[in-house]
């Protein structure tokens with residue numbers, strides 16, 4: 001709720017900025033708010049749906065992909081009409097005079113165009129800000145009514161156990177998302193330039209290729225909502241990193257063929273679509289993902305989005321004839337292929353408590369198996385052991401019997417007491433758990449006891 005409200009404040013203030021410093025501050029507020037939303041939204045989905053968060057996580061990130069795909073198109077449609085209407089007016093005003101000589105008509109036309117475009121931008125920011133303000137109020141209402149749900153989530157978190165290598169998993173996921181998100185943003189940002197420079201495509205063809213990448217990306221995230229209901233997150237990650245590795249390999253070495261460039265771009269976009277939401281759902285199966293843990297790997301994703309495109313742009317400027325974009329996609333895909341098995345191995349390492357429970361269960365099974373008396377090879381040994389135990393119990397019982405009889409004799413009128421105690425003592429001895437326990441030497445023990453009597 002707070003992040004959406006901060007974004008609303010930034011959007012309301014940007015159209016009125018006249019100073020670059022104030023604009024920088026407001027843009028920073030929006031960036032920080034979006035970072036909070038990135039972290040809090042993922043953790044909120046995990047706390048709300050728990051083990052069933054897979055489809056909901058895919059739906060959450062599908063909305064990101066749809067926004068990234070649709071928003072530029074809508075902005076172009078909103079601004080294209082005004083430009084097409086007003087630009088000819090300014091051109092006609094400038095046709096009769098040299099460009100170096102400013103005229104009043106040209107200045108007025110440019111001012112009118114600037115005013116009209118500014119009004120469109122103003123209303124765009126106001127509409128989007130109002131929508132986010134409404135969403136912010138909705139989350140504040142949910143927060144005010146969700147105290148019991150928060151208590152339940154805290155109780156469930158206290159019952160959960162962290163993985164044995166919790167911090168190592170978070171660090172590896174940090175690097176994993178650093179490579180993945182950096183590759184995703186780099187490819188989507190430089191694909192248009194690559195298509196024009198290396199593939200020698202026309203501008204509209206390069207734009208179409210860029211749309212194919214983001215369109216496949218958004219469409220695959222939409223399909224993943226239904227796939228997450230029947231596939232494990234680990235399976236989806238494995239399929240995604242395999243597809244990204246194969247497609248990036250083809251793009252790195254065979255992108256000069258137009259057909260492979262189009263197909264490889266579509267497959268690469270589809271393969272990259274489900275990795276981030278599936279990664280968050282996957283790590284939740286093995287350890288507790290709280291706000292601090294989620295913020296760490298979201299920071300990794302943000303650093304990859306910031307650093308890798310900057311490095312690729314610098315290297316591409318230094319090495320003009322090398323397709324740095326495609327090689328970056330290949331290297332980052334190889335990194336994800338290497339990191340995921342390592343994370344899977346650490347996640348499945350048993351905790352100390354699990355090892356202790358396994359040891360206790362094995363000891364219990366061993367005791368039960370050793371006390372089993374149905375095996376033919378151990379029948380004779382068990383019979384001898386039980387006979388020896390029965391004899392020891394009988395001897396103890398005889399000593400107890402004699403002591404009781406001697407005590408009863410000392411009591412006045414001892415013979416009636418002796419007669420009354422004798423059958424009861426025999427009943428007690430007969431009901432003894434060792435003698436009457438059904439052992440192999442039970443009959444022999446009873447015979448020997450009668451002889452001793």
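Even glycines carry a Cβ here, placed using N, Cα and C.
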Worksheet, complete the sentence: Matching 165-192, 361-388 to TrEMBL annotations, transmembrane segment lands on 165-192
Discussion item. Tell me whether the transmembrane segment (20-47) sits in contact with the transmembrane segment (237-255), defined here as at least 3 Cβ pairs under 8 Å among residues 6 or more apart in sequence.
Written reply: no
Fill in: Among the ranges 122-144, 237-255, 261-282, 294-312, 324-344, the one whose Cβ pairs under 8 Å to the transmembrane segment (165-192) are most numerous
294-312
Practice prompt. Go through the chain and flag residues at least 6 beyond the ends of the transmembrane segment (324-344) whose CB is under 8 A from any CB in it; none is fine as an answer.
Written response: 169, 172-173, 175-176, 179-180, 182-183, 186-187, 190-191, 194, 234, 237-238, 241-242, 244-245, 248-249, 251-252, 255, 268, 275, 308, 312, 315-316
Response to the item:
Here the stretch out of 122-144, 261-282, 294-312 with the most C-beta pairs under 8 Å to the transmembrane segment (237-255) is 261-282
